[in-house]
């Protein structure tokens, strides 16, 4: 609960794992458990979270149900089939959490989320209805032409790398999904298109997204070091 309203989490785990060398990233083993089990554990154990909607690829529905049962993730109230686009998957999850006043959207392939990010994200979202986790960029970023030539160097001090969770008042993110007809790489982008403010709160460099086998190795190291 947060401000006397139910809090739901959409865990998006319907990606295609194209860069994982043939293994499904959400079921890859990380310190003896599937990546997805690590992710769900953070939300299951969070006192702020009431309900979880898990979104997976259609071919993973059975495995996801078995995982939820095996680890007794009692807060998972729905296991939904994802769509062609990430937005379709999130939309399915939002529908399942229709009685929640606040919603966190998190990548299922980010298993090392610090639990404090959940209350911190909710507090940040309280200010304007939307908030996203982010970290400062470490590398120099350049804009290039279609031919691969550098056009300009972007001011790093004005740029951030956005992560999940992304936290929203439920009515705001539902409105964004209903009204904005664009393809977005994250949920906050849809809210931005409504000309609504989005607050930034501190993410963590350890909150990596498992995309390649190298990411999985790094996650093992971070987990053994306690992040």
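Cβ from N, Cα, C; glycine included.
Owing to the predicted nature of the structure, the values given are computational and were not obtained by experimental measurement.
What Swiss-Prot annotates here:
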type	residues	note
SITE	19	site 'Transition state stabilizer'
SITE	25	site 'Transition state stabilizer'
SITE	156	site 'Positions MEP for the nucleophilic attack'
SITE	209	site 'Positions MEP for the nucleophilic attack'
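For the pair residue 156 (site 'Positions MEP for the nucleophilic attack') and residue 209 (site 'Positions MEP for the nucleophilic attack'), the Cα-Cα distance reads 22 Å. Across the fold, the C-alpha of residue 25 (site 'Transition state stabilizer') and the C-alpha of residue 209 (site 'Positions MEP for the nucleophilic attack') stand 10 Å from each other. Neighbour density around each Cβ, counted as other Cβ atoms within 10 Å, peaks among the recorded sites 25, 156 at 25.
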